[in-house]
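In what follows, a single structure is set out as C-alpha cells and then discussed.
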Amino acid sequence: MDRLLLWALLLISMVGDSQCQSGVELPKPQGVSVEADFGSQMLSITWERDMSSPVLSYDVEVLRTELMETVYNGTIEVRPDPTAKVHRWNWTSPIPLECTSHSVRVRSRHQQQTSEWSPLQTVLGMDIPENTEARMFPQDKVVPVGSELTFCCIVEEKKSFRSIWYKNKPMNHTRLSRRSYASTKTNQPPSISSGTNVICFNDDSLTVGAVVFVGYPPDDRDLVCETRDLESVECQWNKGQDTSLRGPRRTIYTLNGSNCTDANQKKPKYQCRLNFTLDKGERNWTLEAKNPLGTIQVTDTADLNLRVRPHAPLDVAKLEVHARNASLHWSWGQGGYKALPLLCQVQLVSSGHIVTRNYSGPGLSQAVVEGLQPDEVYVVQVRCGSQQNFWKWGDWSSDYSFRTEEDRPDALNIWIRLDTNQSGYVMWKPLSKRESHGQIKSYEVTLWSPGEEGTKIHSLSQDQHSAPFHLEGNDTEQVIVVRARNSAGESPPASITIPRFSADEVHASYEVLGRDGGFDLFWSADANSSCGYVVDWCPTGSGQNCSLDWVKVPATNTSTRIQSKFVPGVRYTFSIYACTSGAPELLERREGYVKELAPLQQVSGLKAQQIGSAVLLSWNGIPLESQGGFIRGYVIYVSNSSHLIPIANITDPNARNHTVTHLSPSTYKFTVKAYTSAGQDGGNTISIKLDPLTDWLIVEILAALGVMTCFLLIITVICYKKRKWVKKTFCPEIPEPKLPEEWLTTQGTFGGRTLDVVPCPHNPVHIVERVSDKPGLEVTPEDDEEQASLEDDGPVDTYSSGPVALRYYNLVVGDGSQGPPSTDTSSSSSTSSMGSTRTEVTYTGVQTCGSSSEAPSQQEVPAGGGYRPQVDPASASTPAPAPGPAEPVGHQADPTDLPLLGTFGGYQPQCSWRMDSPEAGSLNSSLGSPTSVSSSQFLLPDPASEEGADRAHSTTWFHSLLSGKP
C-alpha cells in the first residue's frame, strides 16, 4: 500500500512539472479563511486543497489592515496528504490581536512561478470606528519573570495619544493604526500580589490601563509523607521559590490525584492529608503542583508503619505537688495510641531555666517529676514519639503551670567588716529565689563567745542585710551566727569568728589591671587555709561608706576572676583572706582599675617661683577619686604661641615640684599635666615673668649694706665703750714745746731784746723721700740772679715775714771727703731734671718771729745737714762740730754736744710725721713737719726709729684690745 502511494505521488509530481514547464498558470488558492484565538494571540489560516494541482508550496502574507503594513510574508511547505481536503497554518502575533485589524492572503508557488493572491481575509480589531471607547490590551495577562510583552493602547475617538507608562515609567511606543499604539516591555521583574499596572495617557489625562501578573512556575520539592494517628497519611513539602502569584493564579496541589484542600486554603504549613487504610509495605505518594505558568510533580516512597509521629497530648494537669517533686497526667484523643509503645518528653521551665526529663511506656499518660525547687513556678509541656522505630517527636502539648511548696532556706553567705577594735558590721548576701525556698520573713543575728553561756540575739526584718555589733573588752574570740527564716523554718547557721582589729597594720598593695570588665586575681596558697579563701573589694578610699562585696573561693583554687559592676576610672581595693578554723587571716591586698582613664581633674595649686635664672614649679596632687588611673608621672610644657612644647617628663608619680633652669628674662607660660596609661589630663597653666638679674643684684647689695651697717654699728658700740683706749692708741696728745726761761725774760735791764710777733709766713717746701730710697739733698738758690743778690746784699733774713723759696736737688750721700756740688746753673738744672722732680709746695711753717729791725748775722749751713732744736740766740753762734769722714750727711749731732738742749730739755719732733705734703691753708699743716719752724734745712727722720715706733704702737693697741683695758 505504501509503495502504491509513493508511486502515485511521484506520478503527480511528474505531471505537475510537465505542466509548469509547458507554461500552464498555477491555480489561486480557494476557500481561504482565518480564525483568531485572542487569548493566545494566534491566527489559524485554512484553504482548500486543489486535487488537480501538484503545488506543495504557498506564500502567506499577514498585514495590518488599516495601514496595510506587512507584518509577515513567508513561504510554507505543506505535507502531501491524499486524504486531507484543506491546508492549515497557524501564526502567532507579537501584539494582541485586539489592538488592530489583521488581513491574510495566500498564493501558490512552484519554484519561481506564483499564482495570484487570494482575496484578503480580515480579522477585525477593537480599533474600528464602531468602537469609540478607549481600550488597552492585554488584560490580566500572566507571564513568567524575564519575558517580553507588548501592550497596546486604543485611544478614544477624537482624542490624541500621549504615552504609555509601565510601573510609573514611560515607554517607547509604535503606531499601529489611526487610534492604536503599542509599547513593548522586556525582562519583566516579578510583580506584587496585585500585579503590575500599565497605564495609557491621552492628551488630557489618564485614559485606560491594564494589569500584568509576572511570576514563576511551581518549584515545590522535598515531599515527605507520614502518619499521625495510624489511620491517615499526612504529607509535607518545601514550597521552594515563591511564584509571586496569588488568588486565582495561585498554585493548585493534588496528592495521588486527590485535591489537597489544606494546601489550597493557604495554610501556613504546606501539607496534604488523606484518609486511607494503613497497610504494611512501601507505597508511592505523588504531589502535583500547577499554576498558569507550569506544572511540577514530586514523589515520595515510604512504609508508613515506620513513620509514626503522634499528635500532641491533651489535658496536661498535676496530680500531686510537693516542695521537691510533682505528679503529672495527660490524655490522648486517638484510641490507637493505647497499645503503641511511646517515648514521652516532659519539659519544665522556671525562671529562665529549662529542664527536660524522658519517660516511656505503652500508651504513656502520666509521669512523676523530681528534683524540683521549692516555692518555684514551673511551666510544663509534654510531647511523645514512637519508642520502636523512632521517627520524629510529636507536637508539644499546651502549657500548664504549677507552683511547688516552700522549704527551709539555704545557709547565708556572710562576711564581716571591722571599723574599730570593738565595733563593726556583719553582712550577708540576699538569698536568691532558688536559695530562699520561699518568702524570707526575718533574720536572726547571734553574738557569743565559746565557753560562755550568754548570747545576744537580734531579729531583723527581711529587707536588712547587715547588722552592727559591739564587742566587750574581753580577749576571748567572738563568734557571729546569722540565720534566715521563712514559713517553712530556719536556715542552717552561718558563722564567722571576728578577727582582731589592728589599726596600724599595713599591707603592701600591688597593682592589678582589669580585663574585659573584670579582674583576674592570683595568690600563693596558704597552709592555714582550711575552708578556702575570701576575696572582698570596694572602691579605694571610700572608708566606712564602702559598698563592700565579696566572693568565696574553694581551698583547691588560688585564683579567681572577679566580675561585677565595676566602673571605669574608679580604683578598687581587693583584700584576700584565708579562711581558717578560727578568724580569717589577711594574706595580701591589690589595687586596680577595670579600665584606666585619663585623669578626670587637672593638677591643682600650681605655683611658680623665680630663683635666679630658674623657675621652681610646684603643684598639688590629684585627689584619688579624680585620678582615673594610676598616675605614672607628669609632663611639663612651655607655651610657644599656638602650641605646647614638652620640656620635662617626670616619671615619679609622687613628685610635686620641678625646677626649670637656664631661662632668660622674659614671660613664660608653663603647663603641668598628669598622665596615666590612658592619657593626660587637661593641664593647669601658670604664667611668670622673669625679672633681670640686676634687680636681684640690687637686692643683694642692699642686703650686704644692711649687714655692713649692723657690723659697723657693733664696732661703733665697742669703740664707744673703749673710747679712752682708742683715743690713747690712735690720737695721742702732742706735748707743747718747753722753752728755756731766758726766752721768757725781757732784755730791758739785762740788755735783752724784745721779740716782735709777726704773722707766720708760708714757706715753700718739697716732699723729701726717705734717705734709704734717694740720694742726699743739697740746698741751692733758685737761680744765679737770686744767688748774686744774696751775696751782694748781705745775709739772708731768716726772720722775714715773706715766704722763702727753696730749691733742692738730690745729693748722693758719700763719705766725708766728697766735695760740694757745682754751682753751675746748667749742670744743676740737668742734675735736677735727672735725679729728682722739682716741686714747689706752700708750707705754713711754725717760725720764731724776731725783731724786724734787727737782722741776725748770717750763719753757714751746717755741713751735716742735720736738725737742731731751737735754742737761745746766744748759743746759736756756738759752732757745731763738723761731721767726720765716716759720718753720713744726715747724721745728727750728739745731744751731749748741745749744752742748751741738755740744760733745757728741748723737744723732739713728733713721730707721727707723714710722708704726704700738708695742704695749704690748713691750721694743722705744720704738725708732723720734719723741719724746724725757723730752719731752712730738711729734716729726714730716722727710719729705724720710725719702724720701731710703729711696731710699738701696733703691738700696744692690739694687746690692749685683747686685754679689754681702756
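These residue numbers are counts, starting from 1, taken along the chain as shown.
Just so you know, glycine gets a Cβ as well, placed from its N, Cα and C.
What TrEMBL says about this one:
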type	residues	note
COMPBIAS	780-795	compositional bias 'Acidic residues'
COMPBIAS	822-839	compositional bias 'Low complexity'
COMPBIAS	840-860	compositional bias 'Polar residues'
COMPBIAS	922-936	compositional bias 'Low complexity'
DOMAIN	312-407	domain 'Fibronectin type-III'
DOMAIN	408-505	domain 'Fibronectin type-III'
DOMAIN	599-695	domain 'Fibronectin type-III'
REGION	771-954	region 'Disordered'
SIGNAL	1-20	signal peptide
TRANSMEM	696-720	transmembrane segment
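Same-chain residues lying 6+ beyond the ends of the transmembrane segment (696-720) with a Cβ under 8 Å from its Cβ atoms: 612, 726. For the domain 'Fibronectin type-III' (599-695), the DSSP counts in helix, strand and coil order read 6 helix, 53 strand, 38 coil. For the domain 'Fibronectin type-III' (408-505), the DSSP counts in helix, strand and coil order read 4 helix, 46 strand, 48 coil. Helix, strand and coil counts from DSSP across the domain 'Fibronectin type-III' (312-407) read 3 helix, 54 strand, 39 coil.
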